[in-house]
Amino acid sequence: MLEFLSQQKPKILIIGDFMVDNYTWCDCSRISPEAPVLVAKTLKEDKRLGGAANVYANLKSLGADVFALGVVGDDESGKFLQENLKGEFLIQKGRKTPFKNRIMAHNQQVLRLDEEDTSEILLENELIALFDEKIKDFKAVVLSDYAKGILTPKVCKALIKKAKALNIPVLVDPKGSDFSKYSGATLLTPNKKEALEALKFENLEGENLEKGIKKLKEDFALRYSIITLSEAGIALFDKSLKIAPAKALEVYDVTGAGDSVIAVLAFCLANGVEIFKACELANEAAAVVVGKIGSVSVSFDEIKSFNRVDFEKKIKSKEELLTLLKQKDKKIVFTNGCFDIVHFGHIKYLEKAKRLGDVLIVGLNSDASVKKLKGESRPVNSEFQRACMLAAFYFVDFVVIFDEDTPLELISFLKPDILVKGADYKDKIVVGADIVSKVELIDFEEGFSTSKIIEKIKDKK
């Protein structure tokens, strides 16, 4: 799939709030003598494409032939966008082009200074006419709304109506609590907070998620209904609710992740990719982006690299793991086992375990430990091979090998929040249960076990 997509160059039109993201990198190592505030010494500045322009950059990085339509002011930021984007921009005199200046110190954002004009544009009719003139040449349209006055109700309704008449998919990254101006679009990509505001729901937990996502589809006549759920992935409603789980390994900065999601979805729909597969690829793109700092674009090569996991990076000693966990404010899930011949039952079990928290740690019995528990003929695979196989799964965050007969010492050392065991432990004592906040028992898939697989192989000889 990635190989096919990386060779495509679909023509995609993007309209919306084009901005400039400026990063001012500073040294903040002293306090001002004038007041109890930090002194920021500027080291360098980095001007980047932001808002709809970042979606443009993502689409271009993916290989699309992108064309931008928008309205900018007669200012330096407007000139920067015109110089760096292929497209046509209407100039509204006196209007401020959105400019966000992020003050960065020690890889942390400490302040943001915004220059912008959020009033509705005066050039609605001209923008609609320009769209009508260009639209027939494109495979998909993206409306990137940051509530800066470009995508007014009049503009949105006219653009969606025209594209729909030509059977061209329209994808919208919405803003605000009133989604009615986007009615008839192919899909919207609100995050959880935006969806809650539009739906007037208190939460989107449990059954409310399906009710809410279905209501969005029906109320706004969408082809597909999508809600991005941050670390929980992407929820999709076509004929039923499906969840494409998130795949981020490390999160440094969520800036621009939504732009990457809609860019990948647009690229995929322009090439006829099935919608759930498109959501899975969008998740992978977001995972790449949140591992970087600032508004950045993503390419198919980076997505390919993300899928090629460096197994050894996820295999840690308990000491390394404890240091890493101290740096994260995450819900830690722990399970353990021999995992000698990894099978379908193991995969489903670990996938379910991951859903219970943020970080899944698998405690793996060492070769010596497996021999004690299973006999001299085991393990079939070495501890390193078994650790690599487990680390290959995106839902496993870390693997730690232990020599003891039970994981009690390891659990005491790491102090996870949730301890997961198989449902066969229902009437048994779970080692480490008194150390953790919660024990969860997960049903195994029927008919799968390492012992049975070994017996089957022996019988065939």
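Including glycine, each Cβ sits where the backbone N, Cα and C put it.
These figures come from a predicted structure and were not determined experimentally.
Per Swiss-Prot, active site is recorded for Asp259, and the stated evidence type is sequence analysis. Per Swiss-Prot, ATP binding site is recorded for Asn191, Lys192, Lys193, Glu194, and the stated evidence type is sequence analysis. Taken from Swiss-Prot, the feature region 'Ribokinase' covers 1-312. Taken from Swiss-Prot, the feature region 'Cytidylyltransferase' applies to 334-461.
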Round to a whole number and give the Cα-to-Cα distance in Å for the pair Lys192 (ATP binding site) and Asp259 (active site). 15
Excluding Asn191, Lys192, Lys193, Glu194, please set out which residues of the same chain place their CB within 8 Å of the center of the CB atoms of the ATP site, keeping sequence order. Pro190, Ala195, Leu196, Glu197, Ile227, Thr228
What is the average pLDDT across the region 'Cytidylyltransferase' (334-461)? 87
If one measures from the C-alpha of Lys193 (ATP binding site) to the C-alpha of the residue listed as 'active site', what distance in angstrom results, rounded to a whole number? 16
Least Cβ-packed of the recorded positions Glu194, Asp259 (other Cβ atoms within 10 Å) is Glu194
With Cβ-Cβ distance below 8 Å and at least 6 positions apart along the chain, what are the contacts of Asn191 (ATP binding site)? List them in sequence order. Ile227, Thr228, Leu229, Ser230, Gly258
Binding-site residues compared (Lys192, Lys193) - the one with the fewest other Cβ atoms within 10 Å: Lys193
Taking DSSP helix as H, G and I and strand as E and B, the region 'Cytidylyltransferase' (334-461) has 49 helix, 26 strand, 53 coil
